[in-house]
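Here the structure comes first, spelled out in structure tokens, and everything after it is commentary.
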Amino acid sequence: MNSQHSGLSPQQAAQKAFVDQFEYQPQLLVYAPGRVNIIGEHTDYNDGFVMPCAIDYGTAISGAKRTDSLFRVYAVDLQQWDEFDLNKPIEPHPEYKWTGYVRGVVKYIQQKCPEFKCGADLAISGNVPLSSGLSSSAALEVATGKFCQVLGNLALTNVEIALIGQQAENRFVGCQCGNMDQLISALGQKDHLLKIDCRTLETEPTPVPHGVAVIIVNSNVKHDLVDGEYNSRRQQCEQAAAFFGVKALRDVSIEQFQQRESELTALDAVVAKRARHIVTENQRVLNAAVALKKGDLQQVGVLMGQSHVSMRDDFEITVPEVDYLVALAQEVIGDSGGARMTGGGFGGCIVALAPEEKIESVRKKIADHYEKHTGLKETFYVCHASAGVSVL
Ligand code: ADP
Ligand code: MG
């Protein structure tokens, strides 16, 4: 995922760029990972359950304190600059979207910690593929938050940093995402999946079973409408919650849903389908966590398959290329694991859990068929569940 820097890690690339661009030595290096969600899609903003892991791809920031109140930021991968002043109101950049993730985090850190006034020079570099469902945005937000926390010696926990990242994305960038991406980037644990209760923020780690690979395949389908579609799904979920008279769909059990499903369908068939996805998906996450603890990968695979069908038919966030990738992976994996789309949808990646000895046959199956069938070349990754944000 690091094509831009010819073999340098994000940490190395950020440090090298810092010295090249600012012509002095950096004093701080932070790193935050992207993530892959194993099960529980679009449930986070419904106060529900998710089960992601942080991955071994992420974003690094190399930086140093300035004596004034300027933030000067160099995005290594885009070769673009940003500059803003902490003593003035922080507004969106007129042109560069990426700056919103940095400016937004700094703005909301300042709101929470008004003592944060010191300027800094930053070089940012990452190797999470952008806009592919692996959350490069959260990696950037959490890395920025950690950078400010350490630089300013601020009393902020990693959970608070994550929530500030979400706030920046919701209010500053304008994507109404939930809290999963930032929480897992902040709290990930090496070799573990993390079940997160997105209402209480309770987390429960479960080891990735020994000999099981986390495979990610990028369809390389990209759509422009993702933020709009995302925000409309969120609205539909809120409509459904209002119908049931609850704060969020998390509060509706499958039985309660079924009792009033036809009534809701008569009112708004699309909203009913959206709600069915969320209500059933929440239960699938809970069931998957139990199955995983027992080492029952077959059952986890069944649940991943059901999750995919629900995203495809009820939530309507998959695309044919992604459906096809899932089918190819499932054909090889059989009942030894599972596969599903991962991330917000409308393109992006699939995730599969499979015995390590099946990695090469999954790779080959997809290489043999995907491009022929779709005209697109996939990107195949075997990744490892990784630790969350760190100061190096
Ligand atoms: P995802 O989070 O799934 O990768 P998003 O659309 O939410 O997709 O976020 C992608 C955006 O985040 C990019 O278009 C860019 O603006 C910003 N971004 C992420 N990583 C970096 C980086 N290393 N340097 C600059 N901008 C980045
Ligand atoms: Mg994102």
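Positions of Cβ are set from backbone N, Cα and C atoms, glycine also.
Predicted automatically and left uncurated, TrEMBL annotations should be read as such.
The active site, proton acceptor annotation in TrEMBL covers ASP181. The C-beta environment of ASP181 (active site, proton acceptor), restricted to residues of the same chain at least 6 apart in sequence and closer than 8 Å, consists of ARG35, SER135, SER137, ALA138, GLN166.
Counted within 10 Å of its Cβ, the other Cβ atoms near THR43 (substrate binding site) come to 28, all protein chains included. Positions annotated as substrate binding site by TrEMBL: GLU41, HIS42, THR43, ASP44, TYR230.
Under the heading ATP binding site, TrEMBL lists SER131, SER132, GLY133, LEU134, SER135, SER136, SER137. According to its DSSP assignment, GLY133 (ATP binding site) is coil.
Under a cutoff of 8 A between CB atoms, and with a sequence separation of 6+ in the same chain, the neighbours of GLU169 (Mg(2+) binding site) are TYR101, GLY104, SER137, ALA138, GLU141, CYS175, CYS177, GLN182. The feature Mg(2+) binding site is assigned by TrEMBL to SER137, GLU169.
As annotated by TrEMBL, domain 'Galactokinase N-terminal' applies to 16-64. Across the domain 'Galactokinase N-terminal' (16-64), DSSP helix (H, G, I), strand (E, B) and coil residues number 10 helix, 28 strand, 11 coil.
Residues or ranges marked as domain 'GHMP kinase N-terminal' by TrEMBL: 101-188.
According to TrEMBL, the feature domain 'GHMP kinase C-terminal' maps to 289-371.
Sequence annotations record features per position, and here TrEMBL assigns site 'Transition state stabilizer' to ARG35.
Within 8 Å of the centroid defined by the CB atoms of GLU41, HIS42, THR43, ASP44, TYR230, the record's substrate site, lie the Cβ atoms of GLY40, TYR45, ASN46, VAL50, GLY178, MET180, ARG233, ILE278, GLY344, excluding the listed residues themselves. Considering only the binding-site residues SER131, SER132, GLY133, SER136, THR43 (substrate binding site) has GLY133 as its nearest partner by CA-CA distance.
By the rule that a residue counts when its Cβ sits under 6 Å from some atom of ligand 1, the binding-site residues HIS42, THR43, GLY133, SER136, SER137, TYR230 yield GLY133, SER136, SER137. Among the binding-site residues SER131, SER132, SER136, SER137, the residue whose Cβ has the fewest other Cβ atoms within 10 Å is SER131. Rounded to the nearest whole angstrom, the C-alpha distance between TYR230 (substrate binding site) and GLY133 (ATP binding site) is 12.
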